[in-house]
Amino acid sequence: MIPRKRYGSKNTDQGVYLGLSKTQVLSPATAINSSSDIAPLPTPVALVPSPPDTMSCRDRTQEFLSACKSLQSRQNGIQTNKPALHATRQCSEFTLMARRIGKDLSNTFAKLEKLTILAKRKSLFDDKAVEIEELTYIIKQDINSLNKQIAQLQDFVRAKGSQSGRHLQTHSNTIVVSLQSKLASMSNDFKSVLEVRTENLKQQRNRREQFSRAPVSALPLAPNNLGGGPIVLGGESRASRDVAIDMMDPRTSQQLQLIDEQDSYIQSRADTMQNIESTIVELGSIFQQLAHMVKEQEETIQRIDENVLGAQLDVEAAHSEILKYFQSVTSNRWLMVKIFLILIVFFIIFVVFLA
(Lines of atoms letter the chains of each structure in order from A and count residues from 1; the text may use other names and numbers.)
(Lines give C-alpha, C1' and ligand atoms only; values in the text may rest on other atoms or scores of the structure.)
Protein backbone atom coordinates (compact mmCIF):
# COMPACT_ATOMS: atom_id res chain seq x y z
CA MET A 1 0.00 0.00 0.00
CA ILE A 2 1.47 3.33 -1.09
CA PRO A 3 1.65 5.97 1.67
CA ARG A 4 0.04 9.30 1.01
CA LYS A 5 2.04 12.49 1.10
CA ARG A 6 0.61 15.41 3.12
CA TYR A 7 1.05 18.82 1.51
CA GLY A 8 -0.69 20.98 4.04
CA SER A 9 -3.07 21.22 6.91
CA LYS A 10 -5.80 19.82 4.77
CA ASN A 11 -5.94 17.79 1.57
CA THR A 12 -8.63 16.15 -0.43
CA ASP A 13 -8.28 12.75 -1.92
CA GLN A 14 -11.24 11.22 -3.56
CA GLY A 15 -13.60 13.49 -1.67
CA VAL A 16 -12.13 12.70 1.73
CA TYR A 17 -11.47 15.66 4.11
CA LEU A 18 -8.06 15.21 5.76
CA GLY A 19 -7.77 18.55 7.58
CA LEU A 20 -8.28 19.39 11.22
CA SER A 21 -11.49 18.44 12.89
CA LYS A 22 -13.70 21.01 14.48
CA THR A 23 -12.86 19.81 17.95
CA GLN A 24 -9.13 19.43 17.37
CA VAL A 25 -6.94 22.06 19.08
CA LEU A 26 -3.27 22.63 18.25
CA SER A 27 -0.69 23.24 20.88
CA PRO A 28 1.34 26.47 20.65
CA ALA A 29 4.56 24.64 19.64
CA THR A 30 2.82 22.66 16.98
CA ALA A 31 1.15 25.74 15.71
CA ILE A 32 4.51 27.54 15.44
CA ASN A 33 6.19 24.64 13.61
CA SER A 34 3.34 24.23 11.27
CA SER A 35 3.23 27.93 10.58
CA SER A 36 6.92 27.96 9.76
CA ASP A 37 6.62 25.13 7.28
CA ILE A 38 3.27 25.81 5.74
CA ALA A 39 1.59 29.09 5.03
CA PRO A 40 -1.54 29.43 7.12
CA LEU A 41 -4.80 29.44 5.32
CA PRO A 42 -7.62 31.72 6.33
CA THR A 43 -10.00 30.06 8.70
CA PRO A 44 -13.62 30.09 7.54
CA VAL A 45 -15.83 32.36 9.50
CA ALA A 46 -18.40 29.67 9.94
CA LEU A 47 -15.88 27.38 11.57
CA VAL A 48 -14.71 29.91 14.23
CA PRO A 49 -16.53 29.15 17.50
CA SER A 50 -18.46 32.14 18.90
CA PRO A 51 -17.26 33.36 22.28
CA PRO A 52 -19.56 32.52 25.15
CA ASP A 53 -22.02 35.24 26.24
CA THR A 54 -20.78 36.70 29.51
CA MET A 55 -22.89 39.18 31.61
CA SER A 56 -20.95 41.97 33.26
CA CYS A 57 -21.65 42.20 37.04
CA ARG A 58 -21.56 45.40 39.06
CA ASP A 59 -22.09 45.86 42.76
CA ARG A 60 -25.02 48.29 43.23
CA THR A 61 -25.55 47.67 46.93
CA GLN A 62 -24.55 51.22 47.83
CA GLU A 63 -27.03 52.63 45.32
CA PHE A 64 -29.78 50.48 46.83
CA LEU A 65 -28.88 51.61 50.35
CA SER A 66 -28.80 55.26 49.29
CA ALA A 67 -32.22 54.89 47.64
CA CYS A 68 -33.59 53.32 50.84
CA LYS A 69 -32.14 56.14 52.92
CA SER A 70 -33.62 58.80 50.65
CA LEU A 71 -37.04 57.13 50.77
CA GLN A 72 -36.84 56.87 54.54
CA SER A 73 -35.83 60.52 54.84
CA ARG A 74 -38.80 61.51 52.66
CA GLN A 75 -41.18 59.55 54.85
CA ASN A 76 -39.67 61.10 57.97
CA GLY A 77 -40.00 64.52 56.41
CA ILE A 78 -43.67 63.90 55.66
CA GLN A 79 -44.25 62.73 59.21
CA THR A 80 -42.51 65.77 60.64
CA ASN A 81 -44.51 68.05 58.35
CA LYS A 82 -47.83 66.57 59.46
CA PRO A 83 -48.11 68.77 62.59
CA ALA A 84 -47.33 71.84 60.50
CA LEU A 85 -49.99 70.87 57.96
CA HIS A 86 -52.45 70.23 60.78
CA ALA A 87 -51.70 73.63 62.29
CA THR A 88 -52.11 75.27 58.87
CA ARG A 89 -55.47 73.56 58.42
CA GLN A 90 -56.60 74.76 61.85
CA CYS A 91 -55.45 78.27 61.02
CA SER A 92 -57.43 78.20 57.77
CA GLU A 93 -60.57 77.03 59.60
CA PHE A 94 -60.16 79.79 62.17
CA THR A 95 -59.63 82.35 59.39
CA LEU A 96 -62.79 81.24 57.57
CA MET A 97 -64.86 81.46 60.75
CA ALA A 98 -63.48 84.90 61.62
CA ARG A 99 -64.05 86.11 58.05
CA ARG A 100 -67.67 84.93 58.15
CA ILE A 101 -68.26 86.71 61.45
CA GLY A 102 -66.70 89.92 60.11
CA LYS A 103 -68.93 89.79 57.04
CA ASP A 104 -72.04 89.31 59.20
CA LEU A 105 -70.93 92.22 61.38
CA SER A 106 -70.63 94.53 58.37
CA ASN A 107 -74.09 93.51 57.10
CA THR A 108 -75.62 94.11 60.53
CA PHE A 109 -73.93 97.52 60.73
CA ALA A 110 -75.56 98.46 57.41
CA LYS A 111 -78.99 97.43 58.74
CA LEU A 112 -78.36 99.39 61.93
CA GLU A 113 -77.56 102.53 59.93
CA LYS A 114 -80.84 102.18 58.05
CA LEU A 115 -82.72 101.70 61.33
CA THR A 116 -81.03 104.78 62.78
CA ILE A 117 -82.21 106.91 59.85
CA LEU A 118 -85.79 105.66 60.23
CA ALA A 119 -85.86 105.94 64.02
CA LYS A 120 -84.74 109.57 64.07
CA ARG A 121 -87.77 110.74 62.12
CA LYS A 122 -90.20 112.66 64.34
CA SER A 123 -93.04 113.25 61.93
CA LEU A 124 -96.44 111.77 62.69
CA PHE A 125 -97.27 111.24 59.03
CA ASP A 126 -93.94 109.71 57.96
CA ASP A 127 -93.59 107.07 60.64
CA LYS A 128 -92.72 103.69 59.11
CA ALA A 129 -93.53 101.64 62.16
CA VAL A 130 -93.77 98.28 60.37
CA GLU A 131 -90.39 98.63 58.70
CA ILE A 132 -88.80 99.78 61.95
CA GLU A 133 -90.21 96.79 63.81
CA GLU A 134 -88.96 94.41 61.11
CA LEU A 135 -85.47 95.90 61.17
CA THR A 136 -85.44 95.80 64.97
CA TYR A 137 -86.36 92.12 64.98
CA ILE A 138 -83.80 91.26 62.27
CA ILE A 139 -80.98 93.14 63.98
CA LYS A 140 -81.82 91.52 67.30
CA GLN A 141 -81.64 88.06 65.71
CA ASP A 142 -78.37 88.95 63.98
CA ILE A 143 -76.81 90.11 67.25
CA ASN A 144 -77.83 86.89 68.98
CA SER A 145 -76.41 84.84 66.10
CA LEU A 146 -73.15 86.81 66.13
CA ASN A 147 -72.84 86.33 69.86
CA LYS A 148 -73.20 82.56 69.43
CA GLN A 149 -70.69 82.50 66.56
CA ILE A 150 -68.10 84.42 68.57
CA ALA A 151 -68.62 82.06 71.51
CA GLN A 152 -68.06 79.09 69.17
CA LEU A 153 -64.93 80.74 67.79
CA GLN A 154 -63.61 81.26 71.31
CA ASP A 155 -64.32 77.61 72.16
CA PHE A 156 -62.48 76.57 68.99
CA VAL A 157 -59.44 78.64 69.95
CA ARG A 158 -59.53 77.27 73.48
CA ALA A 159 -59.77 73.66 72.24
CA LYS A 160 -56.93 74.00 69.73
CA GLY A 161 -54.75 76.22 71.90
CA SER A 162 -52.57 73.38 73.18
CA GLN A 163 -51.81 72.14 69.66
CA SER A 164 -50.93 75.51 68.15
CA GLY A 165 -47.95 77.71 68.90
CA ARG A 166 -47.81 80.54 71.38
CA HIS A 167 -47.77 83.27 68.75
CA LEU A 168 -50.66 81.71 66.82
CA GLN A 169 -52.73 81.44 69.99
CA THR A 170 -52.00 85.07 70.86
CA HIS A 171 -53.04 86.14 67.36
CA SER A 172 -56.28 84.13 67.60
CA ASN A 173 -57.12 85.61 71.00
CA THR A 174 -56.51 89.11 69.67
CA ILE A 175 -58.91 88.52 66.77
CA VAL A 176 -61.58 87.14 69.13
CA VAL A 177 -61.27 90.18 71.41
CA SER A 178 -61.51 92.51 68.39
CA LEU A 179 -64.70 90.80 67.19
CA GLN A 180 -66.16 90.96 70.69
CA SER A 181 -65.42 94.68 70.94
CA LYS A 182 -67.08 95.31 67.56
CA LEU A 183 -70.16 93.37 68.62
CA ALA A 184 -70.32 95.26 71.91
CA SER A 185 -70.05 98.59 70.08
CA MET A 186 -72.81 97.60 67.67
CA SER A 187 -75.04 96.43 70.53
CA ASN A 188 -74.50 99.74 72.31
CA ASP A 189 -75.43 101.66 69.15
CA PHE A 190 -78.52 99.50 68.73
CA LYS A 191 -79.52 100.19 72.31
CA SER A 192 -79.12 103.95 71.80
CA VAL A 193 -81.23 103.78 68.62
CA LEU A 194 -83.99 101.96 70.50
CA GLU A 195 -83.89 104.58 73.23
CA VAL A 196 -84.23 107.32 70.62
CA ARG A 197 -87.17 105.46 69.13
CA THR A 198 -88.82 105.23 72.55
CA GLU A 199 -88.43 108.97 73.12
CA ASN A 200 -89.91 109.71 69.70
CA LEU A 201 -92.89 107.48 70.44
CA LYS A 202 -93.49 109.29 73.72
CA GLN A 203 -93.32 112.66 72.00
CA GLN A 204 -95.71 111.52 69.28
CA ARG A 205 -98.17 110.27 71.87
CA ASN A 206 -98.05 113.53 73.81
CA ARG A 207 -98.50 115.52 70.63
CA ARG A 208 -101.41 113.38 69.55
CA GLU A 209 -103.11 113.69 72.93
CA GLN A 210 -102.56 117.42 72.88
CA PHE A 211 -104.21 118.00 69.50
CA SER A 212 -106.94 115.38 69.79
CA ARG A 213 -110.53 116.28 70.63
CA ALA A 214 -112.36 115.79 73.94
CA PRO A 215 -113.79 112.36 74.66
CA VAL A 216 -117.47 111.55 74.11
CA SER A 217 -118.33 111.38 77.82
CA ALA A 218 -117.73 115.14 78.14
CA LEU A 219 -120.14 116.04 75.34
CA PRO A 220 -123.93 116.43 76.04
CA LEU A 221 -126.23 114.17 74.14
CA ALA A 222 -129.36 115.32 72.35
CA PRO A 223 -132.44 115.62 74.55
CA ASN A 224 -134.42 113.50 72.11
CA ASN A 225 -132.15 110.60 72.81
CA LEU A 226 -132.58 110.90 76.57
CA GLY A 227 -136.19 112.05 76.67
CA GLY A 228 -138.79 109.82 78.17
CA GLY A 229 -142.37 110.50 76.92
CA PRO A 230 -145.61 109.48 78.61
CA ILE A 231 -145.85 106.42 80.78
CA VAL A 232 -148.74 105.11 78.71
CA LEU A 233 -146.51 105.13 75.63
CA GLY A 234 -143.72 103.15 77.29
CA GLY A 235 -143.31 100.70 74.43
CA GLU A 236 -143.17 103.45 71.87
CA SER A 237 -140.66 105.34 73.98
CA ARG A 238 -138.39 102.27 74.12
CA ALA A 239 -138.71 101.86 70.39
CA SER A 240 -137.97 105.52 69.83
CA ARG A 241 -135.02 105.20 72.22
CA ASP A 242 -133.65 102.29 70.16
CA VAL A 243 -134.17 104.28 67.01
CA ALA A 244 -132.45 107.24 68.61
CA ILE A 245 -129.40 105.07 69.42
CA ASP A 246 -129.23 103.96 65.83
CA MET A 247 -129.74 107.45 64.54
CA MET A 248 -127.04 109.24 66.52
CA ASP A 249 -125.58 112.57 65.82
CA PRO A 250 -122.88 112.30 63.06
CA ARG A 251 -120.46 114.25 65.21
CA THR A 252 -120.79 111.71 68.03
CA SER A 253 -120.20 108.76 65.72
CA GLN A 254 -117.08 110.41 64.30
CA GLN A 255 -115.81 110.98 67.83
CA LEU A 256 -116.39 107.34 68.73
CA GLN A 257 -114.59 106.22 65.58
CA LEU A 258 -111.71 108.55 66.38
CA ILE A 259 -111.53 107.15 69.91
CA ASP A 260 -111.35 103.62 68.53
CA GLU A 261 -108.55 104.63 66.18
CA GLN A 262 -106.72 106.31 69.03
CA ASP A 263 -107.09 103.21 71.19
CA SER A 264 -105.72 100.97 68.43
CA TYR A 265 -102.87 103.40 67.75
CA ILE A 266 -102.03 103.65 71.44
CA GLN A 267 -102.17 99.87 71.76
CA SER A 268 -99.82 99.43 68.80
CA ARG A 269 -97.43 101.99 70.26
CA ALA A 270 -97.59 100.25 73.63
CA ASP A 271 -96.75 96.95 71.95
CA THR A 272 -93.87 98.62 70.13
CA MET A 273 -92.51 100.05 73.36
CA GLN A 274 -92.81 96.67 75.05
CA ASN A 275 -90.87 95.09 72.20
CA ILE A 276 -88.22 97.77 72.50
CA GLU A 277 -87.96 97.23 76.25
CA SER A 278 -87.64 93.46 75.81
CA THR A 279 -84.98 94.03 73.15
CA ILE A 280 -83.05 96.29 75.51
CA VAL A 281 -83.26 93.62 78.21
CA GLU A 282 -81.92 91.01 75.77
CA LEU A 283 -79.13 93.38 74.83
CA GLY A 284 -78.29 93.66 78.51
CA SER A 285 -77.91 89.88 78.70
CA ILE A 286 -75.70 89.97 75.60
CA PHE A 287 -73.59 92.65 77.26
CA GLN A 288 -73.21 90.40 80.29
CA GLN A 289 -72.06 87.51 78.10
CA LEU A 290 -69.59 89.75 76.31
CA ALA A 291 -68.30 91.04 79.63
CA HIS A 292 -67.79 87.45 80.80
CA MET A 293 -65.92 86.58 77.59
CA VAL A 294 -63.75 89.67 77.87
CA LYS A 295 -63.06 88.80 81.51
CA GLU A 296 -61.79 85.41 80.39
CA GLN A 297 -59.50 87.09 77.88
CA GLU A 298 -58.25 89.55 80.49
CA GLU A 299 -55.78 87.07 81.97
CA THR A 300 -54.25 86.42 78.55
CA ILE A 301 -54.00 90.13 77.83
CA GLN A 302 -52.41 90.80 81.21
CA ARG A 303 -49.90 88.03 80.61
CA ILE A 304 -49.04 89.49 77.20
CA ASP A 305 -48.67 92.93 78.77
CA GLU A 306 -46.35 91.55 81.44
CA ASN A 307 -44.27 89.77 78.80
CA VAL A 308 -44.01 92.97 76.77
CA LEU A 309 -42.92 94.92 79.84
CA GLY A 310 -40.36 92.26 80.72
CA ALA A 311 -38.98 92.30 77.18
CA GLN A 312 -38.78 96.09 77.29
CA LEU A 313 -36.85 95.99 80.56
CA ASP A 314 -34.47 93.38 79.14
CA VAL A 315 -33.87 95.50 76.03
CA GLU A 316 -33.16 98.56 78.14
CA ALA A 317 -30.75 96.61 80.35
CA ALA A 318 -28.96 95.22 77.29
CA HIS A 319 -28.72 98.72 75.81
CA SER A 320 -27.21 100.07 79.01
CA GLU A 321 -24.68 97.21 79.12
CA ILE A 322 -23.70 97.84 75.51
CA LEU A 323 -23.20 101.52 76.27
CA LYS A 324 -21.02 100.65 79.25
CA TYR A 325 -18.93 98.29 77.15
CA PHE A 326 -18.59 100.89 74.40
CA GLN A 327 -17.46 103.50 76.92
CA SER A 328 -14.96 101.08 78.43
CA VAL A 329 -13.56 100.28 74.99
CA THR A 330 -13.30 103.90 73.88
CA SER A 331 -11.74 104.98 77.19
CA ASN A 332 -9.13 102.22 77.13
CA ARG A 333 -6.12 104.00 75.65
CA TRP A 334 -3.77 101.13 76.35
CA LEU A 335 -5.69 99.05 73.83
CA MET A 336 -4.98 101.58 71.12
CA VAL A 337 -1.29 101.71 72.09
CA LYS A 338 -1.03 97.91 72.02
CA ILE A 339 -2.62 97.74 68.59
CA PHE A 340 -0.26 100.42 67.30
CA LEU A 341 2.81 98.60 68.68
CA ILE A 342 1.67 95.31 67.16
CA LEU A 343 1.32 96.96 63.78
CA ILE A 344 4.81 98.48 64.06
CA VAL A 345 6.33 95.10 65.01
CA PHE A 346 4.69 93.38 62.05
CA PHE A 347 5.89 96.12 59.73
CA ILE A 348 9.49 95.83 60.99
CA ILE A 349 9.45 92.04 60.64
CA PHE A 350 8.09 92.30 57.13
CA VAL A 351 10.69 94.91 56.08
CA VAL A 352 13.75 93.32 57.74
CA PHE A 353 13.22 89.61 57.19
CA LEU A 354 11.05 89.42 54.10
CA ALA A 355 12.37 92.33 52.05
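Using the three backbone atoms N, Cα and C, a Cβ is placed for every residue, glycine included.
Here Swiss-Prot flags 287-318 as coiled coil. Model confidence over the coiled coil (287-318) is summarised by a mean pLDDT of 80.
Feature annotation from Swiss-Prot assigns domain 't-SNARE coiled-coil homology' to 263-325; the stated evidence is sequence analysis. For the domain 't-SNARE coiled-coil homology' (263-325), the number of residues in each DSSP class (helix H, G, I; strand E, B; coil) is 63 helix, 0 strand, 0 coil.
Residues annotated as topological domain 'Cytoplasmic' in Swiss-Prot, with sequence analysis given as evidence: 1-333.
Under the heading transmembrane segment, Swiss-Prot lists 334-354.
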